[in-house]
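S.K.: Copied straight from TrEMBL:
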ACT_SITE  C178  active site, glycyl thioester intermediate
DOMAIN    11-445  domain 'THIF-type NAD/FAD binding fold'
DOMAIN    336-383  domain 'Ubiquitin-activating enzyme SCCH'
REGION    532-556  region 'Disordered'
REGION    603-625  region 'Disordered'
Amino acid sequence: MSSRGTHAKAILGPELYEKLGNTHVLLVGAGGIGCELLKNIVLTGFGRITLLDLDTIDLSNLNRQFLFRKKDVKQSKALVAAQTASAFNPNVSITPIHDNIKEEQYDIPWFQQFDLVLNALDNLDARRHVNRMCMAGNVPLVESGTAGYLGQVQPLLKDRTECFDCIPKPTPKTFPVCTIRSTPSQPIHCIVWSKSYLMGQLFGEDEDATGELDNAEKEGENAQEIAALRKEATAFKAVRDALRSKSSTDAAQLVFQKVFNSDIKNLLSMSDMWKSRSPPIPLDYEGIMHDSFVLRPNGVPAVNGQANGAAPPKLKDQRALSLKDNVMLFIDSTNRLAARLQNGEDTISFDKDDDDTLDFVTAASNLRSSAYGIETKTRWEVKEMAGNIIPAIATTNAIVSGLIVLQALHLLRKSHDKMRNVHLQFKPAVPLSTVSLSLPNPQCGVCRDTYTVLRCDPTRATLGEVVKGLLGDDDREVSVYEGQRVLSDPDWDDNNDRTLQSLSVTQGKFLAIVDEDGRTFHDLLDTPPFVLPSPLPSPSRRFKPPPPAPETPLKNGKRVIPVELEDGVIDIAPTPKKPKVSKMKVPIGIAMEGITSQVLAESVGQKRKAETESGSPSKKRRVLEEEGVVLMDGADDVLEEEPDYIVIDD
């Protein structure tokens, strides 16, 4: 054995160290956590590592992703990380893959070739996808994440621990369509508009955005605004065509004129919208370029650059931009993006590491902010907000990657009782906290479902045939889903005669068959026409928890119970209270039931007598007497006055 593994073998023991050499691990992500984690598992001695990442190296990664150098910028993270880490331990085999983990070829059988999966992702959707694949394939998973000084490591094992989806995750904050499209009031509204709407309208696939407007109309947003926005979206077609035409020389200026002048004038025509808010000001391209345009009516020039003679920041991205700077940046970035479309790119979407798209979003959001009287942002700030950047700290990544390896070793040892959910917290005295793992959530729609693999030819197998074959003799009514799409339900079976391919249900897709009790997922592969699993899956019944019993109504602050009278009528009477026994010593061995009613009556009578002599009845007695209720001390007690009641059926 080489001296390289001496320390690892001494710490782990010969048996576990030898096992590591034959362990096949999948590491998803080669970013901040992924680089540290790859270095750790290579030095620990994991023999076979598959590293998958879709991203490329950016200059901003170099301060915390130490497997990369400046010469590696724009190259694949997975390929460069594998090449760098291989030198740490020549006995380790690293297979890099530059791809998206959600591609169809990375299906359940592909995941099942690994002994362990380690997640080092910063994308919620991808993390949920890997979690589902591991639950479906019964592959151990270690989940992790960091945010500044905070971090978490969580080992996940099907049927033993909760999965990533057992606890609902908070959904990203969204904004009403009309706020983003018509009445922004914050810088983030303008940035979201530039990134999600304007980029798509000009350089993406969505030409009219009717789907978003239809949903907004259903949710009850302003109908007049929706109608104006539909007209505005339709007018984008001419601008889109100009951006894609090599013969057009002023496409960028056409975009500016439409977006920041004509569209704003259309909004101003709806006077009711501006009764309670400040109206926007249409921007004049020629006036801004010739320094004659005045943005606000108080005569202040339209400049939002450096004020009070403050020294400009050293970094270019942190420099405040004037209105003219933003116009020039908008024209330049639009021309660059248009050239990319003319050279063959079908669509262009925002990427915080793409200078062209970042410049466009920075300029467009600042111009919109200027028109609406909103504070503008620097390029650095726009990148942070538009890219949803969470501060990353190299030390946090290093600590979390070490904790991932420790939990991975527990999984390989099968010492499940020692696994812990570990939190890195902002408490100098107690930086780490551990929590025992919770059992799976019985209502979880991921780890509590039954999974099976269906081998089929999607071009020939129909949805109805597959569902009928999987259910066998079971005649339960079911609904069928693929992702968020409803393919059929008991009242709608139009798709049952369509092939799976025509429904876009192909290799690697989950087909969910749902009844009232549970759900079954099926991973579809390519072998004609379809081969049913043997034996057929038998999902366990999942009963909905019964609704809580309704609270019994209260009467005078007391809970009431139904009382049945002799004639069968149900009367609502106050819950009887147990009689209070006067404080008296009861000999050991004598049951409380042995205290006779005579003793109780005497104790009550003594209490009443004491109250009469003292002239101060108890608070409860006073309340009852105020309500007209007279308490009798015993069966022989008589009223001093004539009874005020009516005798029925004496």
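Using the three backbone atoms N, Cα and C, a Cβ is placed for every residue, glycine included.
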S.K.: Mean pLDDT for the domain 'Ubiquitin-activating enzyme SCCH' (336-383), rounded to an integer?
M.R.: 92
S.K.: Near C178 (active site, glycyl thioester intermediate), how many other Cβ atoms are within 10 Å of its Cβ?
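M.R.: C178 (active site, glycyl thioester intermediate): 18 neighbouring Cβ atoms within 10 Å.
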S.K.: Which residue counts does DSSP give the domain 'Ubiquitin-activating enzyme SCCH' (336-383) for helix, strand and coil?
M.R.: 29 helix, 0 strand, 19 coil
